[in-house]
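Notes for the one structure printed next.
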Amino acid sequence: MNIASPAPSSSNIRVPSLTRSESRAYPRQDTRGMLSTFQYYLRQHTRAVGVVLAVTIFVVVLTSDFVYDHFPVRASGTTLLRGGGDSYYNFAGAQNPGYFRIEHSIIHEDDRITGYHFGMLTDLDTLSRVPGSSKPTFQSHLVAGTLHVKGKNKYEITFDDTPIRHLVTGHNEAGRGAEFSELTVFDNRLITADDRTGDIFEILNTPTGQDSYAVPRLVITEGDGDTDKGMKWEWSTVKGDELYLGSMGKEFTNKNGEIVNVNNLWIAVVNKRGEFRRENWVKAYDVVRRALGAESPGYIVIESVNWSEHLKKWVFLPRRISQGEVYNDILDEKRGGQQLVLVDETFTKTQVVNLNLESKDPLKGFSSFSFVPNTQDKHAIAIRSVEEDCALDDESLCKQRSYVVVIDILTGESLAPEVKYEHDWKFEGIEFFNPYDVPSRA
């Protein structure tokens, strides 16, 4: 009797295994190692890999500026390295980091703040030319001073008994140069601007910190940039990580008060690399004019503007204010402003503050101011400059002089006796920094 053999169970069925060369886990190899695995995967997923690669490249390109702006680098030759916590950029091609810091201006005595170092810079107009120079040479004077803390909301202003520093340059436009307006610490760099050539200069110290010199970094033309005329710089301030520079906030007019162009109503915004963009500020300046009742044919001339990070407001301190009177060179000298305007970030709300100044002389107009450190931008040191009989054809009759005051931004009260600088010079830049800082190198 034949007995059928039991059917084999599935567990007893033997399936021939693939050789290593036929398995997905072990693709055919011409060479050993991970390369063959990658090649097999790439053959199977060519399209997916291509998509991932394209997306990666797009993201890198898109975020390159963000990475550069938020992860600063230090320059050393042609190699870019992370700077140890500080923002060391190649500002307009500079190879060394800045070393002027506002916190270095603070003077301590027994763990108590007793004062602040500051510096002032001249704009002597045509008198900037160095007498007797064989080649066109021009100079601006940098003077060191101290703001002494004398109690709550009380200060005293003195000028240091140290040599005046002469910043000399050959850069000029039509025989005029070194007419420096403003002085601003930006990314640890001491920046000024020539209101004749449109040059942006960086001021550097000699190795001992006992003298200074100016190095041109940028040239910016006026208006929308399609001109060959240097911008007439009058003010600068830091907002966020950018340097804002502007002109006098008034249209350029002829002797009859007729508008020739509005180039001076544009500003430039410079980043830490020295790249810049232009902005049309016609509407912004109009907001300030309306607040002061200086609509056309009236006008304002602005040489001092600062952004307050603490107050979240723009602070405008006009040099001249004309309420309804057309521009006239001679009469303009006696229209010195005695008001400031606070403007919100969107230029929709304004507040006018009347200044209770010790001197009401209409010849005096504000040419620069800087917030006193550690006051949440409520106190400011400011320059009031005078140009008397300078609009006449005879330059020998022109008289210049400057005064320094301290004011409360919110109340307009004077916080220090007004002090005249000993030489009859016109200063147009003031900033808190230590003039004796020793240079550091990358």
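Cβ atoms are placed via backbone N, Cα and C, with glycine included.
Keep in mind that what you see is a predicted model, and the values were worked out from it rather than measured.
Of the listed candidates (E103, E109, E303), TrEMBL assigns E303 to the same Ca(2+) site as S181, E182, E234, S367, E428.
Annotated Ca(2+) site S181, E182, E234, E303, S367, E428; additional same-chain residues within 8 Å of its Cβ mean position, judged by their own Cβ, are D123, D195, W233, W235, S304, S368, G429. The Cβ neighbour count for S181 (Ca(2+) binding site), using a 10 Å radius and every protein chain shown, is 28. Within its own chain, E182 (Ca(2+) binding site) has L121, I191, T192, A193, W233, E234, W235, S236, L245, S304, S368, E428, G429 as residues 6 or more apart in sequence whose C-beta sits under 8 angstroms from its own.
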